[in-house]
Amino acid sequence: MGNSDYHTPRGVAVPPPKPFCWAVRTALKETFFPDDPFRQFKNQPPSRKFVLGLQYLMPILEWAPRYTFQSFKSDLVAGITIASLAVPQGISYANLASLPPIVGLYSSFVPPLIYAMFGSSRDVAVGTIAVASLLLTSMIGGVVNPYENPKLYFQLAVTATFFSGVLQTALGLLRLGFIVDFLSHATIVGFMGGAATIVCLQQLKGMLGLVHFTRGTDMVSVLKSVFTQVHQWRWESAVLGCLFLFFLLLTRYFSKRKPAFFWINAMAPLMSVILGSILVYLTHAEKHGVQVIGHLKKGLNPPSLSDLAFGSPYLVTAIKTGAVTGIIALAVRPDHLSNHHTLIRQLVGRESTITRWIYEEEDRVKSCGEANLHYVILDMSAVGSIDTSGMSMLDEVKKDLDKRGLKLVLANPGSEVMKKLDKTEFIQNIGQEWIYLTVGEAVGACNFMLHTCKRTPPTLSMPPAVELTAQDNV
């Protein structure tokens, strides 16, 4: 390259001071309205605003008219696969919470039905979790014995669930979900590890056929309850439990070796329930120490409003239980990710925030009389890894940019990120030529494309691209 092509690099200017009120307003907007939900209502007639409002509250009204038969077939297969896991999982969680099994079944299919109408994410897991069940039996079981007074225990559990829903609804309406970000990641990971250990130890009650078991959730109490009742261990129950545990681990192993047989691992929990039920029925195993669920009432359960125990002397305990389980459920829902995983969720998981930044940049360049945006450069230098949900949201960002006629460019993705991008075929989707080692190379390539591919190349003062970094959203 000759000297005539050399341009003196620009210096980095010190940003001018901003007024205090402007800084506060910007911070509040970024905190409470990162997706700028009112932008879509600008310059719209009243009838259109009404439709957009309904679609914002119930996203099903937006995507249902565009729903295709091909999507229905895929969703049907996915629904059957998830149901095969949700049925035994719901029963297990109900048993862990010392509640009737029918409650676990309702918690498995009712929340997804509601979320399908009011939810906007395709990847979030909806329903109860083991940690919430464990907290429920630990906190409420500490004041009311679920076996001596099952009716009051059930009423307090319903009341705690009600207050948990009220808390989460309030956080959503007031847009206070960012409060969960202040929970220590190390604390959540440690809590999840300890809870997983306790959950595994709690299963020894059923596997060993123990009738009387501790209501404590600490490891010492559980192990003491197990080994002080060695004379009551039932080998029939232990053999049956170990056989199906081996079956689940075996199907998981083969599914990893042969990804084409992933459905075997997905169907294994339901197959275990069916085979176990047939085996217990044919051998009358309940007469030999194997615990069974028992009779399940037919039909739909009556509304549980009458079970809300607002006048109970243990109402404060129910409120505390609901608040704790509600916050913990929000905190541990992101699939127990590492810090790097959480980072990419904060970056790409807030797709609407990125979209808003692009809107604002387009408004800025239009007001200045500059050329429109052509490229969006995403700086991935601070992202160490990315999970499946992060990849899905990254793909949604690309689709949204494609609709707007913008090109997504990645800069400095790490080795682990590149492996995930290649495995999910995102590299083929975006194009290998749109991934660069540094932001400088990405900007240079975008400028080169603008100068060589456009009939009227922009001047150097015109911004051809907007750069987004991982740090922008942390």
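Cβ atoms here come from the backbone N, Cα and C positions, even for glycine.
Here TrEMBL gives transmembrane segment for one range in the set 76-96, 433-453: that range is 76-96. Contact check: the transmembrane segment (262-282) against the transmembrane segment (102-118) gives fewer than three Cβ pairs closer than 8 Å, residues 6 or more apart, which falls short of the contact criterion. When Cβ-Cβ distances below 8 Å are used as the criterion, the transmembrane segment (125-147) is approached by residues 86, 90, 93-94, 96-99, 104, 107-108, 111-112, 115, 119, 153, 156-157, 160, 191-192, 195-196, 198-199, 202, 215-217, 314, 317-318, 320-321, 324-325, 328-329, 332-333, 335 of the same chain, each at least six residues removed from its ends.
When DSSP labels each residue, the domain 'STAS' (351-446) comes out as 58 helix, 12 strand, 26 coil, counted as helix, strand and coil in that order. Same-chain residues lying 6 or more positions outside the transmembrane segment (186-213) and placing a CB less than 8 Å from one of its CB atoms are 95-96, 130-131, 134, 219, 222-223, 225-226, 229, 232-234, 236-238, 241-242, 289-291, 328, 331-332, 336.
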